[in-house]
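Trainee: This structure is in structure tokens; I'll ask about it shortly.
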Amino acid sequence: MGHLVSAVETAKLLLSRCHSLSITVLIFNNSVVTSKVHNYVDSQIASSSNRLRFIYLPRDETGISSFSSLIEKQKPHVKESVMKITEFGSSVESPRLVGFIVDMFCTAMIDVANEFGVPSYIFYTSGAAFLNFMLHVQKIHDEENFNPTEFNASDGELQVPGLVNSFPSKAMPTAILSKQWFPPLLENTRRYGEAKGVIINTFFELESHAIESFKDPPIYPVGPILDVRSNGRNTNQEIMQWLDDQPPSSVVFLCFGSNGSFSKDQVKEIACALEDSGHRFLWSLADHRAPGFLESPSDYEDLQEVLPEGFLERTSGIEKVIGWAPQVAVLAHPATGGLVSHSGWNSILESIWFGVPVATWPMYAEQQFNAFQMVIELGLAVEIKMDYRNDSGEIVKCDQIERGIRCLMKHDSDRRKKVKEMSEKSRGALMEGGSSYCWLDNLIKDMIK
């Protein structure tokens with residue numbers, strides 16, 4: 001979902017800046033496409049101009065054994081859809097096909113773009129430093145037979161282009177250690193060099209060192225690309241009314257993304273930390289019983305079954321425990337003073353945009369790297385646990401969580417001031433003459449020349 005929203009917002013940005021462009025978004029239609037995705041796409045169709053179209057590809061799941069096979073299976077459908085688009089627009093007055101923008105995990109679609117004789121651009125939803133990291137890991141894997149699993153088991157450090165500090169083995173991202181995900185990640189990364197450029201959801205002021213370290217492929221840091229208008233306030237009145245009653249910057253918001261959940265034992269430690277900290281809190285709590293491959297956890301039907309006995313009564317007046325949360329609306333609210341987060345890149349960009357400090361608690365994907373970058377490299381976050389993995393069985397104890405929350409909520413900290421300053425820079429990057437504004441100009445010129 002996060003990739004789709006960022007891609008659509010990028011499409012809108014391109015259309016607003018270049019009136020000769022039209023964009024068609026092709027969406028995989030498989031069993032893990034949730035009602036939230038369909039509702040989001042429907043809302044975009046209703047509000048978008050005819051220059052932005054959405055097409056669901058045919059549902060075809062026969063013989064799919066991995067994510068890579070899912071992508072390969074879609075190639076004929078993508079080709080057929082693009083052929084129909086170009087045939088429909090084959091008159092002299094109609095726009096020509098100028099290129100493909102493909103998701104960072106869908107580089108197999110470069111083959112389809114090549115068949116049409118047009119360039120491809122990678123849409124990269126993580127940060128520039130992580131792209132540098134992946135290119136470096138791919139290089140030393142291919143040239144030196146680097147094994148990230150062995151590196152993770154050591155106390156070693158890795159020198160990565162784009163990072164000022166040495167990268168510690170303990171922060172090796174979960175995705176790199178996964179036998180399921182590492183091979184396709186490597187293959188995708190190898191293919192980035194075949195693209196004409198990489199569009200990155202970041203901005204120069206946030207990742208200047210990483211961006212300046214790039215040589216190839218060409219990059220376009222055009223972010224932060226966020227959907228901050230559809231903030232969910234109107235459909236989540238109870239949550240927003242509760243926040244309205246809280247003092248400014250007083251609430252700790254705990255939210256771990258669409259796939260973030262904890263065991264009952266870990267939930268009890270978090271509850272203990274929140275109670276002991278004494279801070280007001282809004283906690284988005286998802287059921288740990290994962291439904292299956294790539295599916296998001298659901299909300300608890302009864303919170304009493306997972307929370308400590310008497311917890312809700314003892315914290316009455318300063319707490320609100322919820323299921324799914326309208327994260328953008330909560331971060332935008334003046335009562336929110338800090339975010340305890342899984343360190344997903346979209347969440348990091350949203351917290352920076354609204355000037356809300358983060359306490360890192362990474363869980364999966366590249367989030368351990370993001371946590372290292374935010375805490376050590378950029379000094380924009382505090383650490384609860386930088387090397388946590390949701391499949392490790394580790395339990396982070398109450399006192400460690402409480403320390404992180406107390407540090408997060410310090411109102412006069414230098415870190416909070418740095419986040420506020422970076423918030424202003426994130427907004428300035430998108431304004432006329434700003435860094436991302438200029439990079440987007442360069443991208444458009446490259447596309448339509």
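Each Cβ is built from the backbone N, Cα and C atoms, and glycine gets one as well.
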Trainee: From the candidates Thr125, Thr149, Thr189, give the one listed by Swiss-Prot for the same UDP-alpha-D-glucose site as Ala325, Gln327, His342, Trp345, Asn346, Ser347, Glu350, Glu366, Gln367.
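Mentor: Only hit among Thr125, Thr149, Thr189 in Swiss-Prot's UDP-alpha-D-glucose site, alongside Ala325, Gln327, His342, Trp345, Asn346, Ser347, Glu350, Glu366, Gln367: Thr125.
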Trainee: Pick from Thr125, Gln327, Ser347: which of these binding-site residues has the biggest number of other Cβ atoms within 10 Å of its Cβ?
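Mentor: Answer returned by the neighbour count: Thr125.
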Trainee: Determine the most Cβ-crowded residue among the recorded positions Asp103, Glu366, using a 10 Å radius around each Cβ and all protein chains in the structure.
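Mentor: Its Cβ has the most other Cβ atoms within 10 Å: Glu366.
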Trainee: Which ones, of the binding-site residues Thr125, Gln327, Ser347, Ala365, Glu366, have a Cα no more than 10 Å from the Cα of Asp103 (active site, charge relay)?
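Mentor: Checking Cα-Cα distances against Asp103 (active site, charge relay), the binding-site residues within 10 Å turn out to be Thr125.
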Trainee: Let's check the environment of His3 (active site, proton acceptor): how many other CB atoms sit within 10 Å of its CB?
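Mentor: That number is 16.
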Trainee: Could you tell me the maximum Cα-Cα distance in Å between the residues recorded as binding UDP-alpha-D-glucose, namely Thr125, Ala325, Gln327, His342, Trp345, Asn346, Ser347, Glu350, Glu366, Gln367, rounded to a whole number?
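Mentor: Maximum Cα-Cα distance: 22 Å.
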